Amino acid sequence: MNTHDSEVYTVAPEMPAMFDGMKLAAVATVLYVIVRCLNLKSPTAPPDLTYQDTTLNHFLLKSCPILTKEYIPPLLWGKSGHLQTALYGKLGRVSSPHPFGLRKYLPMQDGATATFDLFEPLADHQSGEDVTMVICPGIGNHSEKHYIRTFVDHSQKQGYRCAVLNHLGALPNIELTSPRMFTYGCTWEFAAMVGFIKKTYPQTKLIVVGFSLGGNIVCKFLGENRTNQERVLCCVSVCQGYSALRAQETFLQWDQCRRFYNFLMADNMKKIILSHRSVLFGVGSTKMVDADLSRLYTATSLMQIDDNIMRKFHGHNSLKEYYEKESCVHYIHNINVPLLLVNSADDPLVHNTLLTIPRTLAEKKENVIFALTLHGGHLGFFEGAVLFPQPLTWMDKVIVGYANAMCQWEKQKPPCQSQGAHSTETKCQDSKS
């Protein structure tokens, strides 16, 4: 009996010790997963900048110092591109303001009605000039999205008028007036908005801004025709992918959960399309005669929707033709005004192979600066100390800071220089010599 008791006493302490070890291992595993998933060991750094050594570029980087300083995201979660993207996608921004604007309606030649919201400046611009931001939001977005409202409010307070395009069909309370909605690269509505601004405010100068899909549209618009660049001081594109044809393969990969994001965006596109089904697929819609709604209901990717529906709005014969003709990669080299291209290395929607496009462009063209941040996700770029993000993001500050620098350059440049075109700057230097 005593022997039995002694055996009990020797074994009993080992059980809690074993369980304590398991708990410690479990905690260590969880912490390891958290550190890996939140990318906590990743360093902070200034954006990786690609640009040519020109007087204008040096002036812009000196006058917009945020581009050369560290971007510091919130400590606990800001280094995760997925969480930055999720917070942008779910909340847009924190403590989003409510700027007051007027909605404008523009009839198009095909019977469609383009809409945009116009916001007047809340202060005088530091240059004393009349400057208008013409803004194109991301896929299926409009002026009521929180990230747009935050950016508009910040821009208004800096003295900018803002015109924000509402993508055709994106506003839930605005009915379509023709069997057509926005596509990946159609510039018609944006061109109509810019034309209205130029006509209504003949003295204003333009800052062109595009977010994600909107970045593709604005760069394609400027590159389609040289006259589209008249009165444009500069262009800023944030988080676009540049080539839909090259991006489609990456969207089918599970790397960085890209296939999952593809499914979510496809689901949102289905909701927008189906909310206008009576107009898009009604009797008057000749282009949609062979559209298969059953394939739309079962679509799990943007490519399936683009092939079955979106390409047909403009009569493209194949998905490849649609992506080729609607991507800005074939037009962006025609842009001669100063161009700032911003992307994030941890953007789960834009594969890093696509970033060779803006990098190569900046290496070849004097007017282009390519800024690549380590963190920021897709249109996130939140800033903050530990946990809670600030209402204003790094992205908002960069765009306005770059625009301010361009306005300052425009005001103090020598008379012989055209608006930011370095080719003219070279001619001025030649003439002086």
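Each residue, glycine too, has its Cβ placed from N, Cα and C.
TrEMBL has this to say about the protein:
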- SER212: active site, charge relay system (ACT_SITE)
- ASP347: active site, charge relay system (ACT_SITE)
- HIS378: active site, charge relay system (ACT_SITE)
- 424-433: compositional bias 'Basic and acidic residues' (COMPBIAS)
- 132-385: domain 'AB hydrolase-1' (DOMAIN)
- 414-433: region 'Disordered' (REGION)
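Of the listed active-site residues, namely SER212, ASP347, HIS378, the sparsest Cβ surroundings within 10 Å are found at SER212. Mean pLDDT for the domain 'AB hydrolase-1' (132-385) in the predicted structure: 94.
Note: the CA-CA distance between ASP347 (active site, charge relay system) and HIS378 (active site, charge relay system) rounds to 5 Å. Each residue contributes its Cα atom, and for SER212 (active site, charge relay system) and HIS378 (active site, charge relay system) those atoms are 8 Å apart.
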